[in-house]
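Student: Pasting the relevant annotations from Swiss-Prot:
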- Glu93: active site, proton acceptor (ACT_SITE)
- Cys331: active site, S-methylcysteine intermediate (ACT_SITE)
- Cys113, Cys117, Cys120: [4Fe-4S] cluster binding site (BINDING)
- Gly158, Glu159, Ser190, Ser212, Leu213, Asn214, Asn288: S-adenosyl-L-methionine binding site (BINDING)
- Cys106-Cys331: disulfide bond (DISULFID)
- 99-326: domain 'Radical SAM core' (DOMAIN)
Amino acid sequence: MDTMIDIKGLSIDELERFLLGKGKERYRARQIFKWLYQRGATSFAEMTDLAKELRRDLEETARISTLSPEALEISRDGTRKYLFRLDDGCSVESVLIPEEDRNTLCISSQVGCAMACEFCLTGTFRLTRNLTTAEIVNQVCAVQRDVPVRNIVFMGMGEPLANLDNVIRALQIMLHDDGLQFSTRRITVSTAGLVPEMERLGRSVTVNLAVSLNATTDELRDRIMPINRKYPLAVLLDACRRFPLPGRRKITIEYVLLGGVNDTLDDAKRLVRLLSDIPSKINLIPFNEHEGCSFRSPSQDAIDRFHRYLLDKHFTVITRSSRGADISAACGQLKGKLDALKPSGAGKQIEVSDSTNEVT
């Protein structure tokens, strides 16, 4: 059994305590963080401003994990889907969405998902396990070696707030000045609506929050999102009102438009009433059809009508284009399996590594 500490699984405070336990100076933690996250060091030998004695000690008691993509698929629209094989054979996917002025990376927090949302392909796979802090952070590090990343969204495989300890620790690494140096404005954590964990997230770190709402009545949300039976709309929306928002930031409300299910004008009217006193902006996401799911994409008329009504009521609203759908990288299509990356005429597949164990 591997008893060595994965150094990339530690927050700066935990790394300081680890070093203090060895009789070393606290400031060494900041030096190590910079080597890991700003210089991309993969061995302690590279950390030349550390004393040789400390480097030898670290080599004997700690390790630096890495991830390399086992496969990469590139969409016609430039979206890049990375498949990472973890050290226990499990796999997860991350998606890079390119824009003119920024790249947004969508990362995973779990292998599979227990939320069982009816419209989400990931939800059809049972939850296998939580990702470790290092596995979350290493998705960002791996993609940054390939292309620059400006924004991070926790909207990949899994429910981030169901893995809150590791997600918070990963966020602390991403936000730290000696870590990955992301701005709090550039990171968004999405949730299906785990209310107690929303409150703890708000107390622990300052990041943007996205709530996957998708219905305007408890009857419908109970059916398509089972978590609603535990935390119904009134409870969830009250938690949104209490969530600490710095400055003039708003909660992002994600609303997947399901054809003939939740895309009517009456749905739009109820949504406006529900959000009337919550600082929010709305992302409309036309459903991406996938095999084995009975839901259908909404008509363009229904999308336009819904969008216009929200605009007329002075909401900030964006209808998201379906990026990466030709390589099953669009919202709700991630499944973390090699069979998701079979070559097709639509996307280009690039095999990056034949290894089945990418964590070292």
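Quick reminder: no glycine exception, Cβ is built from N, Cα and C everywhere.
Set these features in their place in the structure for me.
Tutor: In three-state terms derived from DSSP, Glu93 (active site, proton acceptor) belongs to an extended strand segment. Its Cβ taken as reference, Glu93 (active site, proton acceptor) is surrounded by 27 other Cβ atoms within 10 Å in the chains shown.
With a cut-off of 8 Å between CB atoms and residues at least 6 apart in sequence, the same chain places Cys120, Thr122, Gly123, Phe125, Leu127, Met157, Gly158, Glu159 near Cys113 ([4Fe-4S] cluster binding site), listed in sequence order. In this structure, Cys113 ([4Fe-4S] cluster binding site) belongs to neither helix nor strand by DSSP; it is coil.
Within the same chain, residues at least six positions away from Cys106 (disulfide bond) with a Cβ under 8 Å of its Cβ are Ser94, Val95, Leu96, Ile97, Val153, Met155, Gly156.
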Student: Identify, in sequence order, the residues in the chain of Ser212 (S-adenosyl-L-methionine binding site) that are 6 or more apart from it along the sequence and have a CB within less than 8 Å of its CB; answer 'none' if there are none.
Tutor: Cys117, Ser190, Thr191, Ala192, Gly193, Met225, Glu254, Val256
Student: Do me a favour and check the Cα-Cα span between Asn214 (S-adenosyl-L-methionine binding site) and Glu93 (active site, proton acceptor); whole Å is fine.
Tutor: 23
Student: Just the number: how many Å between the Cα atoms of Asn288 (S-adenosyl-L-methionine binding site) and Glu93 (active site, proton acceptor)?
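Tutor: Cα of Asn288 (S-adenosyl-L-methionine binding site) to Cα of Glu93 (active site, proton acceptor) measures 17 Å after rounding.
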Student: Quick one: what's DSSP say for Ser190 (S-adenosyl-L-methionine binding site), helix, strand or coil?
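Tutor: Going by the DSSP assignment, Ser190 (S-adenosyl-L-methionine binding site) falls within a strand, counted as strand.
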Student: Mean pLDDT for the domain 'Radical SAM core' (99-326), rounded to an integer?
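Tutor: Reported value for the domain 'Radical SAM core' (99-326) is a mean pLDDT of 95.
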Student: At the level of the C-alpha atoms, what whole-angstrom distance separates Glu93 (active site, proton acceptor) and Leu213 (S-adenosyl-L-methionine binding site)?
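Tutor: Counting only the Cα atoms, the answer is 23 Å.
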